[in-house]
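For reference, Swiss-Prot has these:
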type    : residues                                                  : note
BINDING : 78, 103, 130, 131, 132, 133, 134, 135, 136, 137, 138, 199 : 5-phospho-alpha-D-ribose 1-diphosphate binding site
BINDING : 193, 198, 199, 200                                        : uracil binding site
């Protein structure tokens, strides 16, 4: 499977706190942002760097820069919103789009209800953000949408992934690289990841 689990002590520590039932929404939001930043450190290694000449206090030298104006961040509403600031802290000039998708509770099919994306071209580097890669149908739908808008270079950043969802994404979008903090055991009969952390959106926004 085309998936990179970012194995780091800080991520394991913070993710453990997020999983706990008694972790409140404020701490949950802060941890999601922090873990996303740590995952993004690895996920952004695919970005193209450009050579330039700079002047230090002592002499001229060669340097490098990333043109983050070519970067597009696309959180899947609503839980993906909690991941945006983590990447924007690293790439503050990136464009941000939004895709609204909900999972139909009976069929578990992905239904699009909103899509607002900035200009995307073949040189754009698109990060799709989805905290929980469960059945994979929402992520696949979002990947379909960004590719329909012209995206060629796409990375899926997720907090927790299931083996089932990872296989679905790999089958439908074999060119997309997945970065995650954890590959969990399995899905339950309702399509939730086990052991997981529950519904990320509900925990972020305290809607249950």
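Glycine is treated like the rest: Cβ placed from N, Cα and C.
Sequence features annotated in Swiss-Prot and their locations in the structure.
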residue	record	DSSP class
78	5-phospho-alpha-D-ribose 1-diphosphate binding site	coil
130	5-phospho-alpha-D-ribose 1-diphosphate binding site	coil
136	5-phospho-alpha-D-ribose 1-diphosphate binding site	coil
193	uracil binding site	strand
198	uracil binding site	coil
Query raised in the report: Among the binding-site residues 130, 199, which residue has its Cβ surrounded by the fewest other Cβ atoms within 10 Å?
Result: 199
Report summary line: For residue 193 (uracil binding site), the nonlocal same-chain Cβ neighbours (under 8 Å, six or more residues apart) come out as 132, 134, 160, 161, 162, 165, 184, 186, 187
Query raised in the report: Got a sec? Which of these binding-site residues, 136, 198, has the most Cβ atoms within 10 Å?
Result: 136
Query raised in the report: Taking the centroid of the Cβ atoms of 193, 198, 199, 200 as the uracil site, which other residues of that chain lie with their Cβ within 8 Å of it, listed in sequence order?
Result: 131, 132, 134, 160, 192, 196, 197, 201, 202, 203
Report task. Please find which two of 78, 103, 130, 131, 132, 133, 134, 135, 136, 137, 138, 199 have the most distant C-alpha atoms, given that the record lists them as binding 5-phospho-alpha-D-ribose 1-diphosphate, and give only that distance in angstrom, rounded to a whole number. Result -> 17
Query - Cβ contacts of residue 200 (uracil binding site) (under 8 Å, same chain, 6 or more positions away) - result: 32, 79, 82, 131, 132, 159
Query raised in the report: About how far apart, in whole Å, are the alpha carbons (Cα) of residue 199 (uracil binding site) and residue 78 (5-phospho-alpha-D-ribose 1-diphosphate binding site)?
Result: 11
Query raised in the report: Within 10 Å of the Cβ of residue 138 (5-phospho-alpha-D-ribose 1-diphosphate binding site), how many other Cβ atoms can be counted across all chains shown?
Result: 25
Report task. Calculate the distance in Å between the alpha carbons (Cα) of residue 130 (5-phospho-alpha-D-ribose 1-diphosphate binding site) and residue 198 (uracil binding site), and round it to a whole number. Result -> 14
Query raised in the report: What Cα-Cα separation, expressed in whole Å, is found between residue 198 (uracil binding site) and residue 78 (5-phospho-alpha-D-ribose 1-diphosphate binding site)?
Result: 15
Query raised in the report: Going along the chain, which residues six or more apart from residue 78 (5-phospho-alpha-D-ribose 1-diphosphate binding site) have their CB under 8 A from its CB?
Result: 100, 201, 204, 205
